[in-house]
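Going by TrEMBL, these are the annotated features:
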type	residues	note
ACT_SITE	A:Glu451	active site, proton acceptor
BINDING	A:Thr160, A:Gly199	FAD binding site
DOMAIN	A:156-265	domain 'Acyl-CoA oxidase/dehydrogenase middle'
DOMAIN	A:304-466	domain 'Acyl-CoA oxidase C-alpha1'
DOMAIN	A:509-683	domain 'Acyl-CoA oxidase C-terminal'
There are 2 protein chains.
Amino acid sequence: MEKQQAIDEQLRKYFPDLPSGPLDNYRKKASFDWRRMKLVYDSLNTIKLKHDVWSFMEGHPLFKHTEATRELDDERHITTKRMYTIYNEQFLRFEKIAEDPKAFQAESEALFMFDSSLAVKVSLTFRMFSNAIQGNGKGHHYHLIEDVEKAKIGGCFALTEVSHGSNAKGMRTTATYVPEKRQFVMHSADFEAAKCWVGSLGKCATHAIVYAMLISKGKNHGLHTFVVPIRDPKTLKPYPGVIVGDLGEKIGLNGVDNGFVMFNNYHLPKEAALDKLGGVNDAGDYETPFRDPNKRFGAALGILSGGRVHITSISTCYLQKAIVIAIRYSAVRKQFGPENAAEETPVLEYQQQQIRLLPYLAATYAMKIFSVWLSFTHINMAISNFMGDDKNAAARGIELHALSSAVKPLFGWTSRDGIQNCRESCGGHGYLKAAAIGDLRNDNDANCTYEGENSLLLQQSSNWLLNVWARRNTLTPDDSPLNSLQFLDNVDQLLKEKCSWKTVEDAVDPTNLIKTYKWLTAYMLKMTSEKVAALKSQGKDNFAAKNESQTFNAVTLSIVYGENYVLNHFYKSAVEYNDVNCRVVLLKLVSLYGAFLLEKHLATLYIGGYLSGQQGALVREGLVRACAAVTPDAVALADTLAPPDFCLKSVLGMADGEAYKHIQSSVMTYPGSMTRPEWWRDVVYWQSYAPSKL
Amino acid sequence: MEKQQAIDEQLRKYFPDLPSGPLDNYRKKASFDWRRMKLVYDSLNTIKLKHDVWSFMEGHPLFKHTEATRELDDERHITTKRMYTIYNEQFLRFEKIAEDPKAFQAESEALFMFDSSLAVKVSLTFRMFSNAIQGNGKGHHYHLIEDVEKAKIGGCFALTEVSHGSNAKGMRTTATYVPEKRQFVMHSADFEAAKCWVGSLGKCATHAIVYAMLISKGKNHGLHTFVVPIRDPKTLKPYPGVIVGDLGEKIGLNGVDNGFVMFNNYHLPKEAALDKLGGVNDAGDYETPFRDPNKRFGAALGILSGGRVHITSISTCYLQKAIVIAIRYSAVRKQFGPENAAEETPVLEYQQQQIRLLPYLAATYAMKIFSVWLSFTHINMAISNFMGDDKNAAARGIELHALSSAVKPLFGWTSRDGIQNCRESCGGHGYLKAAAIGDLRNDNDANCTYEGENSLLLQQSSNWLLNVWARRNTLTPDDSPLNSLQFLDNVDQLLKEKCSWKTVEDAVDPTNLIKTYKWLTAYMLKMTSEKVAALKSQGKDNFAAKNESQTFNAVTLSIVYGENYVLNHFYKSAVEYNDVNCRVVLLKLVSLYGAFLLEKHLATLYIGGYLSGQQGALVREGLVRACAAVTPDAVALADTLAPPDFCLKSVLGMADGEAYKHIQSSVMTYPGSMTRPEWWRDVVYWQSYAPSKL
Ligand SMILES: Cc1cc2nc3c(=O)[nH]c(=O)nc-3n(C[C@H](O)[C@H](O)[C@H](O)COP(=O)(O)OP(=O)(O)OC[C@H]3O[C@@H](n4cnc5c(N)ncnc54)[C@H](O)[C@@H]3O)c2cc1C
Ligand SMILES: Cc1cc2nc3c(=O)[nH]c(=O)nc-3n(C[C@H](O)[C@H](O)[C@H](O)COP(=O)(O)OP(=O)(O)OC[C@H]3O[C@@H](n4cnc5c(N)ncnc54)[C@H](O)[C@@H]3O)c2cc1C
């Protein structure tokens, strides 16, 4: 009791009362404490960390937004300055991560909530570079980690080439060992072999982690990593032999200077090879601690799994911002109403508005809780790998790989669709740049592509699941330390069951939803496995059989597997949450999220014979009702999720709910908005450049 | 035969052979003549018109693209100059539209293919303004039409207000008649009553069509139109009493200057009222040729239906460009391949790539054919209304309203999803601004909102359908001159039927698909009607009952009604097409499109009892196979749809298929791409602005 009081006091300190205004009505209706709800995914520690970062930004002139979009070069400039400024503050020292592994995700979230380009730049320049050296390098490389930690040099990560991205094995950058000189000669045969898309390489990076084919004594030993000097850290001029440039404008993330680089017989000392996992000795003979070369390749690419984990959390941040904007605006936007009503109705009250927003509000909670946990789990794994104290590290690693390969696409796509719904739900004003939803969409778009194109990544999970299916009768808990295979318990029995729902209530009961998901996941796995087998029995090789069992099979399987895990995790977190009012609302969100997910798979449930008759209609009715049930709490749920106004920077979504006032102030102060254009003569005297034929 | 030769010759003249290169392989596989296929939606006349417009642009310096996005003001400037330059050429004189009503859509398409902002500006400044005066004004207003046709003045269309858009009846701009002065006083009470989002008002327009509440003798007569001088055509300075400004940046369409305006007791002569359909006499007494005031309101808003028709065609143009880019790029992008294969496989060959693109390729054909027809039908209607020679004009108008209210959202959303799939299917390079897909997405986004927010527009169709359902047993062909109610033939019998498919072939047979769609449309209408009735019998009023029957009922109904019509129209056009090779391919596209549409409604078909057992799985398998069947023709189908390269302006989608060369040239010539940033010191000496704590 006293403890709760102390916590509440802390929360109040970080989150003072929200400004009174048009949102008061909804806030009064809330059935729970919006501050306490934060602790379902945050801790006082992570809250404090984010608060520190945001307070610093709020007081610093570099972190003020401009009305008009900057030109590309200016955008890069300010993002770079912000990067050094924020990095220099060291909000999260390495030691602190070990103390509270959740701090890592929290700091990243604080940056993403402010500006995604900034967050990406920090992560590429400092973190990814250090991690790559830590993971693939030896003692004599560690001075580079010190340099980058001191920001004397800046890193980047160069895997993708112009003509090869997903198919890393097809890459064509070569590093040929010359034993006489103890050097590697790095070379790009043509522009198609240029490294490209490399974030922070366009303008800034001094060093790159480069993946190249290691060639020695005429033999190609496959892809290896090298740390390659690109620009002189004192002048930022590229070294001779390095042709480096910027990719120009992108759909989003324009503060990040994505670049390309070609190497023209560029000589590197032998020490450039990050050869902990394999490389040549001075004589040019190949040596590796791995017996199976595939294992080395896997381990070398292993560094990428952290990226996927990170992206589940990035996607969540984008959706989180969009949903806050759309919910708050829908609560103050009034349009139409019953005949003779004194006031128009907030559009949030309309069924068709609810169905487009509230499932994504529920999804945001599910995703937030899950992504915080995933990041925490990933870091804990890294720590225990480092300590060597996890006996089951390999199985855990593989399962995490499969799970993150499913959830990264799932979250990228959920955010994509959710943000789009938010955009449209805000009507005309949602199309304002100043509403901020368009930029969220543009930035999130990249999440569907980098760190593994979504559709391809799903193949990683399904491959593992198919493998698991074959040995489903001999699985032990050790095969699934994260418990993502729980749906295989008693699977043969399970698949014989049929759905027993009779009422709308049945259809949205969390435990029923979870049971159905279990069935669905198992069914999809069985179907996919049978499909692959059928294709093979028609004489197709593995490559063809795998390709031709993607649509409606393997792809759906991986998505369902991810959804199943996230739904279960959400339910568990809700049931266990200590605050009773919050718990009641969380369980409503679980129902809503579950019914929303399931509705998309109704056809499969019928095809599989699990559902029959009108049961699908019960889910739909249940979903609509679950939306209505959450509506009175929607604004408070958005308040819980909302970052500070200066991060949200949306005229529609501010905490005070004064959308029209913010629109007015924004349009009236937009540079030049009220003045006659300088080129007014080209309107009045258009015949001066187009002699009239009219 | 000879005639065909002459046609082929003409086609060759307009469309010379495409450049040889990486796309040759696929082009050789094509089973039909890509030039002849154009005539399924175009005529030699419309082809010539588009050719003329494009040739003019291609030879004119103003129509050259820049690498870097222009600043907002520059973008407006060049769009305005292009507008006058192209309008001045008078590619389509009024007389020619009557000669060939298809020319209207063709000219607009030519502009949209080049730049959407340009097309929108032309349409708002000249066409919409003239139409509004024609429709609502009297003889003494026609001098304004002459002025705008001579481009002495420029128009815009001001309906939306800051706090009221969809709910036009709630608008608050007032025009109060003062009989002593024979004047109206136009006033905006506050910023929330400001007209906003008005295209071309931000910087350019001299006159606006303004919708305001007409008040006379203390009585509010509802929304009426006025033609209001905004800026002096000689100086472009706003008149006193007019506070006009620009909305600033938007998500897309940034060449268009959307603006807002507030009137401060602004005096207008009585002649400002466009009072053909109703208004006050000199004494201030209200007079109207309509007996029912709702009819006047309907007629006054009637002008908007042309906008919806127009948007079906705009959405189609956007998707058309995106799909051309993605198909061509997927044909040249190779990644992975069977073990030991000499070459990697074009990604277009992968099932999961096909399912994301080919249904949208089919959809583009369906949409193209339909939107050309819809525009033609709409213009013919306008002409015969003008002539007064259509005895069934009222019914035709109502049906067109319902149909376009369904199809405008359907097409906006299909383009939205298709463009997004194109974006993702192009992997990393699809995220380049120079790939051009991002801008298509941003521009199309507005299609979901303006001229009626999609979700709300669907309610217009469903309202009409519900009304029709009630009198389904007494309908005559006169009720449905466009034949969109054909699904109601024998409906009671129809709804008793069950699906009889047994094979995958059955499931994608066009006539079977069409039959199923008929059932589905009828079923959705019946269900929605029963839902509304059930809600009313629970005591809900009409407003509540309509609102609570949207999700999974009325909204789906309208979409299905639109899909049904478009699918039937596509099938008819395919079957009747004279070229046999083209016909075969078109019928494959009909199968693909039909199966694609139907797959989304499988659950409903099970719930309704039409499908049972594994029939849904047959549709899915059929869909996947239909994709594979279209793949060899996909590039040629894209060639048919492709505008000239300078319109497409995508490094990934050029006709020569040399994606990598165009990427190289684009990134290497992007301003500043290869140079050290001016701000390099802020990287090297970052401590100068952030004293190091590291
Ligand atoms: C903003 C951004 C930042 C980036 N930053 C970096 C960075 O810092 N460093 C770096 O190295 N890279 C970076 N990348 C590159 C990124 O990792 C790749 O673009 C991504 O991995 C996708 O690869 P790709 O472009 O080769 O796609 P492709 O493989 O060419 O994909 C094209 C299409 O083909 C399909 N396809 C390919 N193979 C198959 C198959 N076997 N079966 C079915 N379909 C298939 C894909 O699903 C996709 O639809 C970045 C990219 C972006 C957009
Ligand atoms: C690029 C662009 C150009 C434009 N050009 C012009 C122009 O030239 N002239 C002009 O006058 N206007 C213009 N507009 C304005 C446009 O017509 C309106 O924005 C559009 O009609 C939508 O209205 P709204 O903004 O009021 O949306 P709102 O009605 O506020 O919609 C917000 C949300 O509420 C929902 N909603 C509202 N009522 C209901 C209900 N009863 N039931 C269920 N849901 C409901 C909507 O579906 C939507 O999701 C333009 C807009 C844009 C974006």
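Including glycine, each Cβ sits where the backbone N, Cα and C put it.
The structure, with features from TrEMBL marked on it.
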residue  : record                       : CB count, 10 Å
A:Thr160 : FAD binding site             : 23
A:Gly199 : FAD binding site             : 25
A:Glu451 : active site, proton acceptor : 21
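Averaged over the domain 'Acyl-CoA oxidase C-terminal' (A:509-683), the predicted model reaches a pLDDT of 98. Summarised by DSSP class, the composition of the domain 'Acyl-CoA oxidase/dehydrogenase middle' (A:156-265) is 6 helix, 53 strand, 51 coil. Annotated pair A:Gly199 (FAD binding site) and A:Glu451 (active site, proton acceptor), C-alpha to C-alpha distance, rounded: 12 Å. On the backbone, the CA of A:Glu451 (active site, proton acceptor) and the CA of A:Thr160 (FAD binding site) stand 10 Å apart.
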